[in-house]
Structure formats: structure tokens, C-alpha cells
Amino acid sequence: MTTMESLIGLVNRIQRACTVLGDYGGGTGDNAFNSLWEALPTVAVVGGQSSGKSSVLESIVGRDFLPRGSGIVTRRPLVLQLHKTEEGTEEYAEFLHLPKKKFIDFALVRKEIQDETDRITGKSKQISPVPIHLSIFSPNVVNLTLIDLPGLTKVAVEGQPETIVEDIESMVRTYVDKPNCIILAISPANQDIATSDAIKLAKEVDPTGERTFGVLTKLDLMDKGTNALEVLEGRSYRLQHPWVGIVNRSQADINRNADMMLARRKEREYFDTSPDYGHLASKMGSEYLAKLLSKHLESVIRSRIPSILSLINKSIEELERELDRLGRPVAVDAGAQLYTILEMCRAFDKIFKEHLDGGRPGGDRIYGVFDNQLPAALKKLPFDRHLSLQSVKRIVSEADGYQPHLIAPEQGYRRLIEGALSYFRGPAEASVDAVHFVLKELVRKSIAETQELKRFPSLQVELALAANTSLEKFREESKKSVIRLVEMESAYLTAEFFRKLPQEMERPVTSNSKNQAASPSPATQDLYGDGHFRRIASNVSAYVSMVSDTLRNTIPKACVYCQVRQAKLALLNYFYSQISKREGKPLGLLLDEDPALMGRRLECAQRLELYKKARDEIDAVAWVREQNGRSPKKASSSSLLSSPLFTLNFLQDLSNCCVIHSRISVDFQIVSVGSKVVRLIMETSVDAPIKDKHEESHRWKKSTIVFVLGGPGSGKSTQCANIVQHFSYTHLSAGDLLRAERRSGSEFGAMIQGMIAEGRIVPSEITVKLLCKAMEESGNDRFIIDGFPRNEENRIVFENVAKIEPAFVLFFDCPEEELEKRIMNRNQGREDDNLETIKKRFKVFVESTLPIVSYYESKGKLRKINAAKPSEEVFEEVKYLFASET
């Protein structure tokens, strides 16, 4: 593949992928993303109706394939991608919307263009900016991409909307306005160039003419005695690029379907024999125009690669941030779903506690209840009315009954105090309700602030209901506690308080003689007077104030203990109890994401994949160009044989994988291109014998391979040892192989050690190579591979490199709590046997390995074993499984 072919082919593939994702020219794609399409250099064909646009395109292709007729025939942009094939190969066409169908008959291509246009626009004269992608493979074309746009018009005809003129011009402008667009302006030679719609528009968007190629059609239809030399030689209207003249097929040739190759020959003969244009013959004609555009397009693409890479890298960063915000897709496995829910609950609980503890605003409102609302409510209690003179008299009298009190009205005191204390129930209950309201609001706020929960509206509702149910329970307990505090104050009065009150001074009675009756003292006279009852009211008020101060301190304590403390400790206990009863589909219903959010994530993921593949392709093409531009270094055959050989693995098609093999000297151990380290597959002298002896057929490809997967601590190693002993399998561990290669001191091992020392992940290709080498050297044909694949990339690389799939996958299923307990109790002295590291390892397992389990389950290859049981019972199940499977 030449550089030009690779660059233009690269743009073709990226454009097709962009269109599938809704990113296309015309300015109607999703504006939420940077448009990769608009960053790619393109050639837009612009001209008025009947200017000969279709004939120019058909001449370049050498085939009659475009719809014809009166009025607007081109009603959707046609992205025409030409691919040059080897001489003698059959010509054919493919549409992007019909990827598996080849069109040999180009009359059917014309019909498909018409049908696909009508599918979007209907049978009317409407236009649409959604492009049609057509690829033509032929030995008679050059590598080139052209965009055929609707012809510019001046008036609306029957069946067209009144705005059709502005609509077409607006659509064309959205393409030609872009600085990366090359304008192919088609003008008929039998009309004054000053009236050309194409040149007028091109001059407006490209005043310097740097992006414009002028094409004059219908040169053979000019009046006798006239020619177009003034234009073709640039004297009438100068452009930065030379004008090109074209001789189209006549209408008679079109009507009888004259051969296009014959038309090309007639065109060459016309210019060669023309007295007017003979001196320009080498730079005239459709064949010259195609080569000129192809060469120019390749040079523009080459110059734009840095800016395209910059846009791609920026878009990748933005998309990755957006995907992080949106969250990863929901797992289908019930265990993984439960883990996901619990992780989100932990995130919510953390935010809720931060609100209470002051890390976030809101918790201070609870203190406001105790410091402001409760004292204010206590001050508003109607003690003045309850202890009014009239009320005190009435209550004391009622308490005395038929026999008035002798010294102090104790029963009256008690009734007055009990009546006053009953008023404290209201503020006590109101404080509980106020705290409850704040806690409910903090639950709502915390759910809204938990980013992970935003994806799952059903889970938000369930979580809020469960949390509010718990808060209601806490409120009831808190109310019981504060009412109990009030009732305790009523149940037992503090007698010491009354003993300390100043006693009334009794004055002795006086008499004139022993026989004379004693006259009542002033104190006795005041015993039932207003002053006496006022003193009673004052004493009761003092006692109630003391109780009020006590309750002002104890009610907050009860609220915090029964509500706030419990909310911090057990807010989600009810939710956990409910969720533990669910499994399978009911559990998955909680994770029903908003369809709009799911669509957004899918779109982001697809675009991210497109951009990464585009970056890889551009890096690959740029690297090949760079290597082709260098003079090769001389190297002895012995040095080449002893040095590592690398195979650069580039994605050459967004849907099909094509590998470019390049053998490089040892100096190029890691090739860094742009912002990406190119993936390398290492082939060393260690595994060279494998390649030499078994280039076409490897022994392991006929072997039985079993992947053994399970969480950390699930007992994989123990069971693998048992399988080896009882069934004569060879046990391979990817981790052990990497460690052994590192210790071997080989060049391969030194390279692995260097990668690990620099903090880089060892590529999956290296691990797979080591596994293949170990299988080849083992002499066995039955293998169990432990702890591999760990992720989706491992699986894909293994299947692509080893060219084999496992007979089945043995999965040791064990709850996280059991795994934690086993690892903490195994006491093997490993540094990573601590709770924090264990949780991280389990999280990685859930995120990376469980999707592999789900994948093989969908293919019917998963064999699940309950690993929570004792190892002897587990192996009994394993033995039965292997006996039946093998």
C-alpha cells in the first residue's frame, strides 16, 4: 500500500464510521461532540443545475451510475469513495447502508441511489443533509473521495418548497465553508463565467482561491469561432490552481448508453486535435482532473494530520470524562448487580454522613432546631394563662375538695405542676418532627448528590422509600423517648426545690384575757387571699422554669440518640434487608437506567472507539510514512537473527483487522507515535523455533483448554492442583509464566521487567505468546489456564493470536464475605492480604473479569461451581464435571 493510498483510504474509513454515528457534513450532526468529519479534508463538487456535474463524476469513475432527469436530481449529498484495484479485477460498488451487498450492475447502483434518496426525502422534491456513502472499486479509477452536492438553483419549481433556493445554498455552504474542504467548482463553458453559481459561491467562501479548483464543462458545445482560453489560462478569472477543461458525453451518447471508456478516448482525441486547446491537452480531461485532485487531496491530508490528531486526542479526553460521569454499563450477573447496588449505597451513605458531620451543608439545621426552635417553642407555652390568679384559685380549690388545706395546698401544687408540665409534650414532639424533616431533606439531597445514583431512577426511588421508612421508625422511637422524659418529670417532683423556698412567717395570735377569743393574725387572714395564691403561682412557675431548663437539654439528647445517631448507624439497614430478598430479574429492575442516559453512553462509547481506532490508524500510517522516508540501516544477518523481532499490529479497517508486518532492529524496542505507544507483539529467539517448525499448524490448536476463573481466595490454585493430579491436565498460570520469564534473564524477560519497572501494563499479546509457548513445549494436549483471561482484551487477544477457544470455562463462585474471611485467615504472609487491598482486588475482579464470565455464559460454555463449600466438597463437583465434559 502506497502512502497516498493509505492516507486517502484512512479518511474514507473514518468518514464512513462518522456517518454511521451521525457525524457528517451539513452541520446537522450532534453538536454535543466535536465533529471529526469536519476535520477531515474532503472534495466537494459544486455547480448549478445542468452544469455537467454528473457527467464530470461519471467521467472520473468511468461508469454511468448517477440518476438523471430534470429539476433537482441530487437531493442528498453523495459521498463517492473511489478505490483503485489491480488490473484485471472486476469492478463493483458497495453502499454503506448495504455493507454486505456488492453491485456489479451499475444500473442497479443508479436505482439504489434513487431509492435511498426517496427513503429519507420521500417522492417529493425535498432535500436532506444525510449523505449516501458509495464506494466504487475499479482498476480504472484513482484513489479519491468526492462529495456530490445538490445543484444550486435560482427558482423553486412545481413541487418544491418556496425556500428550496436558500435550503440548497445553506446545505452547500455547510460543506464548502469548512477550511478543510477542497471546492471543485463546475461551470459550463457555453455560459459567461461571470454568471457561474459555483464560482460566485467559491469566491465568497474562498476569496483567495487556495481551496478552489475550477472545471469548465461542455467545451465542445461553445459557439463556433469562440473558445474558453481566457478562462482556462487564468486571464478571465484567476485561481491558485489551474483550470481544467472537460468534454462531456453528448445527450445522444447518454441515451444509447455509450461506453465510458470510449467517451474518455474521444475526450483525449478532442483535446489532442483541438486547434484551440492542443497546447493544453496534457492538462485537460477527466483523467487528468482525477489524478490532480487525488494528488492534491493526499497532500492536504498529510498537512492536516497534526491538527486531526490534536482534535482526536482532545475528543478522546472529553469522551472519557463523559463516560466516567455516566458510569460503566450495568452487569448482567446478579452478583455483580448486587455489588453495584451496594457500592452506590456506600457512596450515598458517605455523602449523607458528610451532611450530618459538617463536611457538607445541612447538618447545622438540626442544631438550629435545638438552639432556636425548641427554646422559642418553650417560651411560647401558655404558662401565664395556666398560672393566672383565677386559674390558680380554681385549681387549688378543686384540689382541696370539701376540706380546705391547712397550711400549704400540696394537692393544688401537684395539680398545677402536672398541668403545666403537660404543655411540654408539644415542643418535645415538634422537635422530633423538625429533626425528622431535616433528615428526610438530607436523604433527598444526598441521593441527588450521589453521582452514581443519577443513572438509576428506580433505585433512587427504592432507596428514598427505604431510608424514609427507617427515619419514620427512628422518629417513633424518638417521640417515645422525649414523651417519656416529660412524663418522668411529672411522675416524680423534686421535693428539694420546694424545701429551699422561703417559708411564710407565722405571727402569734393576741388576746386581752384568757377567756377572750383570739383574734386572727394577718398571716391567717391572708391564707386565702390573693397574695397567697400569687405566691403559689410564683413557686409553681419557678419549678416549671427549672424543668424547662432540664428538658431544653435532655430533649436534644434524646433526638440525637434516637434519630441522628441511628440514621448514621442504620439508615440503610431496612434497604439491605429488602434487597437481600431479591435476586435475578427483580434485582435488575432497580438498575433500569434512563433510556436517554443509556443512549448517551452508547453514543459516547461508539465515538470513543471510533476516535481511538482513528488515532491508531493515523499513527500507523504516519509511522509507515516516516519509516519509508528513511534510508535503511545495514545490519548483518546474524545480528538480525539474534535481535528481537516485532510485529506492529495496526487496525487497517474499522470493521476488518488487517496486519502490517514490519521487522525492526533491536534499537526500536518501543515505538512511540504521537500520543500513543504502538502495541507490539514480541517475537524473540526463544520462541523462534515455534514459528519455524509450526508456521501453519500448532499442536495446541487441537488441544483441550479450560479457563479457570474465580475471585481472589476462591480456591482456584487448590482445585487446579487436584485437577492436574486426577485428570492429567497441565496447569498454566499467566502470572507464573510472566514471573518465570522475568527471572530467566532473557531479552524477553528483561523487556517485561523494564515495562513493570516503568509502571506500564504488560501487553496481552506478550502473555498470550508465553501461554502458547508453554503449551507447545509441554507435550500435553490438555491444559487448565488459571486466572486468565482477566478482562475483555485478554480474551480477544487470546482468540486472535492462539486461534482457539476454550472447551469450557470453570467458574468458582463465592460470596465476597467468604472470600474476605478466607484471605484474612490464610496467613500466607502476603503484603496484599489486608482488607483494603482485598476489597480493591475484588472490585477489579467484578469490573473486569465478571463480564468475561457473562460472555462465556451467553455462549453456553460456563460451568459454575459453588466454591463457598469446603474444598473437598467443591472438588467432588469438579470431578463430576470433568468426568462428564472430558
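Cβ atoms are placed via backbone N, Cα and C, with glycine included.
Quick caveat, the model's predicted, so the values are computed rather than measured.
Look at TrEMBL and you will find 37-306 tagged as domain 'Dynamin-type G'.
Residues annotated as domain 'GED' in TrEMBL: 533-626.
Per TrEMBL, the feature ribonucleoside 5'-phosphate binding site maps to Arg739, Arg760, Ile761, Val762, Gly787, Phe788, Pro789, Arg790, Arg830, Arg841. There are 13 other Cβ atoms within 10 Å of the Cβ belonging to Arg739 (ribonucleoside 5'-phosphate binding site).
Asn794 (CMP binding site) has a Cβ environment of 20 other Cβ atoms inside 10 Å. What TrEMBL lists as CMP binding site is Asn794.
Counting only residues at least six positions away in the same chain, no Cβ atom sits under 8 Å from the Cβ of Lys869 (ATP binding site). Annotated ATP binding site per TrEMBL: Arg826, Lys869, in sequence order.
Here Gly787 (ribonucleoside 5'-phosphate binding site) comes close to Val708, Leu709, Lys716, Ser733, Ala734, Gly735: these same-chain residues lie at least six apart in sequence, with C-beta atoms under 8 angstroms from its C-beta. Arg739 (ribonucleoside 5'-phosphate binding site) sits 18 Å from Asn794 (CMP binding site), taking the Cα positions as reference. The Cβ neighbour count for Pro789 (ribonucleoside 5'-phosphate binding site), using a 10 Å radius over every protein chain in view, is 26.
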